[in-house]
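Undergrad: Swiss-Prot feature annotations, pasted as is:
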{"type": "TRANSMEM", "residues": "1-21", "note": "transmembrane segment"}
{"type": "TOPO_DOM", "residues": "22-905", "note": "topological domain 'Cytoplasmic'"}
{"type": "BINDING", "residues": "198-319", "note": "nucleoside 3',5'-cyclic phosphate 1 binding site"}
{"type": "BINDING", "residues": "310-428", "note": "nucleoside 3',5'-cyclic phosphate 2 binding site"}
{"type": "DOMAIN", "residues": "610-774", "note": "domain 'PNPLA'"}
{"type": "MOTIF", "residues": "614-619", "note": "motif 'GXGXXG'"}
{"type": "MOTIF", "residues": "641-645", "note": "motif 'GXSXG'"}
{"type": "ACT_SITE", "residues": "Ser643", "note": "active site, nucleophile"}
{"type": "ACT_SITE", "residues": "Asp761", "note": "active site, proton acceptor"}
Amino acid sequence: MVSLSLLIAIIVVTGLLAGFRHYGSSRCRTVPFKIKSRSIEKTASTRLLGMSLEDAMKRYPLFNFYPGQSIREILSSWERVTYGNGETIAAPGFILQGLVEIWYREHLVCVKEKGSFLNGSMELLGYSTRGTKKARGSVEVLLIDASLVRDNIWYILFSMLRKSCIEIACRYFELESKLVEKETMKIKDDGQGHLDLFLSFLNEKLLLNLDDGKEILRRDIEARLIGRGETIKDSEESMDYIMYVVSGEILVLAGESAFVFGKGSVFGYFSLFFDLYSSIKIQAREDSSVLLCSSSVLLKFGLDEKKFDHSMLLDIDESLHIIDESAEWMRLLPGDMIAQKGDASKEIFYIGAGSVKSASRESSSGTVIGGKECIFGESWNESSIATRITDVVRIPSLLVDYFLERDKSFFKKYTKRLFESGNKANGKIVSIIPVGQYKDIESFSRKLKSAIGASSLLLSRRDVVEILARRAFDTTEEVRFMDYLTKMSRRYEIILIYVENEYSRLLRYLLNFSDVLLAVGTTFADIPEYNVYCRIEFVKIYEERRASDERSVKKSKKINHGPRYLESRKESFGQYDRVHHVLFPSKTMLFCSKDFQRLARSLLGKRIGLVLGGGGARGLAHIGVIQALEEEGIPIDCVGGTSMGAFIGALYAKECNNYHVFKQAKRFSRKMSNIWILLLDLTYPICSMFSGHAFNRSLHSIFGDGLIQDLWLEYFCITTNIVSYEEEVHRNGMVWRYVRASMGLCGYLPPICDNKKLLVDGGYLNNVPADVMMGMQVEKIITVDVGTVLENDHFDYGDTLSGFTILFNKFFGNKKFVTMEEIQYRLAYISTERKMKELEANGNIIMLRPDLGKYRTMDFKKFDEIVACGYQSTKNAIAKWKQEGTYDVLFFSLKKQTPKRRYSV
């Protein structure tokens, strides 16, 4: 017996020691997690239809009213009731199995299925329901104690009322006029001053219990004089204040309704709790005086959601109760699938906050998904998933049908709002972390914030912790944090959040709310692995401006026997969707903000793309175009091109220095106009006139073995694949080889062999590839077309033509004959002309066509003339834009952000 006890004691002690060792080792060693970007084509984690209880607990914040309970505890301690077909369900609950119909009078407004709540927020607040819930077949329901909900998660319950009832009613069912009418209040003048009257009203109505704080609040109330016709608040602006009319009359326009508030009126009570007046317009009907008090001021004096008078909602409109009982608020996790391609459309999804992505579009807060499919009874034409934590409200199609039947004009109003919602811009949330040995993430973040300007908000780890009240992983606080970010995103275009530790638990938390993760470092390094659906971009820091050569291929003695095939995107960028090169801090420049401004434009979606067309020596005009753009302060964020445009574009992308472009292009032109170099490269013309060796050496001497993905600017070039008869877009690989392939004019140079492909001049299929640039998230595209041949006054030589005739005419005649290179470029332009006509209709594409009619394809010896022609043509075009007023329209977003500069830096 003693030996048995001793044995048990030894086992227990050994286990404890092992546990301590494990605990100690885990404390001393940080276990990294990897951040891995997931594409929407992959299977999403959870679908919304028919969710299990386990999945629903993670996605319905309402389940947090008894935190810490497991599924087994919930199923064992909560009451489960089975209802037969047609039975009425009176209590609130969650559907474990079956279908439940919700009827309003004689109308079926909703059918809820497994994985849904039966009740709306008003029922949980203790008010009687207006609809009737009936079981369709056998239904199993998990009943909910409403008093327990009210006691434990009041904020979540209030959020449910706001998100799935009030906000939907105002934005898509046009009930804001009912709310405006209901909240109209008047203060009776009892002889006190207007300010004292307003303070007394706020104290009593909002239950503030000011006492000693009344004098402090008095100083925070704003008095404003408003002239007749002056706008106080425009539509699409948020309203978060309550207003007292001291004198005059205030006109409130809500949809098709108009309300007039006279002396003593108070308006804006609902706006203190809900963001529902964004669509109304407020202006002075006559000269007026008003007092304003914002919600941010009242929060300091104890205003919170528990002090909202819910009874004000009871008599507004019966539609509000129907919406509350039918619509459902859910909080999706990154990767959750809203709809799968081919599914029948039964619901409309309103995105309250967050982001949802499909193959063709990305939808953010304030937009609707599935509206068209629901109205016209179509199936989903593509799958959609949440890319971060996203608030969605499920609106059943039966509810829409009810409103269509009730109001014949509803279809027109609803569809108008449905399609208008997709145009609303919302702030982007960007998390910033250091990787590798880089530590100065705070300075980087502040510099980026400065480049973006007043339209950005910068938050540190400490700021986030304060917002969360040190309860970062509580569901209620997560909902509060989401609401805070949503409110800020309506005020700011970018919210920057930086975290000093890449292995921080807070980072895991923030990634679920982020649209973009910026990894900042001096060298390419793997970042921690963790599955996320947001964009992951890398910012590589330099101390001097130079073309990156970190991943360049080692030089080969024989240029034509180097690496042959294109690197895959995975090998080139690894985990990153985009790579930015940033000079910070600069060893050679005191103030260097050009790269930060470029990064800022990328995050804001305001990038400027430059597309350079092919045209042989005429392409030298691109140098003058770039110089003119730089002098006018028009930035270039990414470059693409074909043939000669690919060459000039690569030169500029390499160092962002137009002097470097000028110098290297002139050196190249000298070689191309040197008859001896050309003669030495002649070969037996079975495949081509020249072997291409001299041409290759010229390009290699300029670009070396650098890679496209290491160029300072994002770059691409176009080639024609004569094996598959398709155009190829090259975004990575060796620069000189793909520039050479893009310049490979058939008959002159042999095709480039690339992984069983034969690549020739890209101009045959796409001479000005603006369509490719359109897919690179740019706001404006400047295209330069130098290949257009405007002159057609060639001599009619008949059916045959001798080359000796052309040669003789060159010295002793003045007739104009068509040449081989001109024929090549005219052929190339046949397929391009159709694309150019389509692009001209796009308002975001700016077309430049320098007058180069007198210059031929091989006129490299006229380098200075052609460059000057491109420069002057661009300066004239910009002067014309300014005279016509189109310059401000085209580049308005760059005015305050990008300073005018004289030199490339």
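Don't overthink the numbers, they just go from 1 along the chain as shown.
Each residue, glycine too, has its Cβ placed from N, Cα and C.
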Undergrad: Other than its own, how many Cβ atoms are within 10 Å of the Cβ belonging to Ser643 (active site, nucleophile)?
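TA: Other Cβ atoms within 10 Å of Ser643 (active site, nucleophile): 31.
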Undergrad: If I restrict to non-local contacts, at least six residues apart, and a C-beta distance under 8 angstroms, what lies near Gly370 (nucleoside 3',5'-cyclic phosphate 2 binding site) in its own chain?
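TA: Within the chain, Gly370 (nucleoside 3',5'-cyclic phosphate 2 binding site) has Cβ neighbours under 8 Å at Ile338, Ala339, Ser345, Glu347, Ile348, Phe349, Trp380.
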Undergrad: Other than its own, how many Cβ atoms are within 10 Å of the Cβ belonging to Phe198 (nucleoside 3',5'-cyclic phosphate 1 binding site)?
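TA: Excluding its own Cβ, Phe198 (nucleoside 3',5'-cyclic phosphate 1 binding site) sees 24 Cβ atoms within 10 Å.
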Undergrad: I'd like to know which of the binding-site residues Ser278, Ser294, Gln340, Ser355 has the most other Cβ atoms within 10 Å of its Cβ.
TA: Ser355
Undergrad: As a quick check of your reading of DSSP, tell me how many residues in the motif 'GXGXXG' (614-619) are helical, how many are strand and how many are coil.
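TA: Taking each residue of the motif 'GXGXXG' (614-619) in turn, the totals are 4 helix, 0 strand, 2 coil.
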Undergrad: Ranking the recorded positions Glu230, Glu325, Asp761 by other Cβ atoms within 10 Å, which is at the bottom?
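TA: If we count Cβ atoms within 10 Å for the recorded positions Glu230, Glu325, Asp761, the smallest count is at Glu230.
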Undergrad: Would you count the other CB atoms within 10 A of the CB of His310 (nucleoside 3',5'-cyclic phosphate 1 binding site), including those on all shown protein chains?
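TA: Here the count is 13.
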Undergrad: I need the CA-to-CA distance for Val246 (nucleoside 3',5'-cyclic phosphate 1 binding site) versus the residue listed as 'active site, nucleophile', whole Å please.
TA: 70
Undergrad: Within the topological domain 'Cytoplasmic' (22-905), what mean pLDDT does the predicted structure show?
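TA: Per the prediction, mean pLDDT sits at 81 for the topological domain 'Cytoplasmic' (22-905).
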Undergrad: Taking only the Cα atoms, work out how far His310 (nucleoside 3',5'-cyclic phosphate 1 binding site) lies from Ile385 (nucleoside 3',5'-cyclic phosphate 2 binding site), in Å, as a whole number.
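TA: So the Cα of Ile385 (nucleoside 3',5'-cyclic phosphate 2 binding site) lies 35 Å away from that of His310 (nucleoside 3',5'-cyclic phosphate 1 binding site).
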Undergrad: Tally every other Cβ atom lying within 10 Å of the Cβ atom of Lys214 (nucleoside 3',5'-cyclic phosphate 1 binding site).
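TA: That number is 15.
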Undergrad: Using other CB atoms within 10 angstroms as the count, which residue among the binding-site residues Val246, Ile385, Val400 scores least?
TA: Val246
Undergrad: List only the single closest residue to Ser355 (nucleoside 3',5'-cyclic phosphate 2 binding site), chosen from the recorded positions Phe198, Ser278, Ser294, Asp761 by CA-CA distance.
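TA: Closest by Cα: Ser278.
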Undergrad: With Cβ-Cβ distance below 8 Å and at least 6 positions apart along the chain, what are the contacts of Gly262 (nucleoside 3',5'-cyclic phosphate 1 binding site)? List them in sequence order.
TA: Val245, Gly248, Glu249
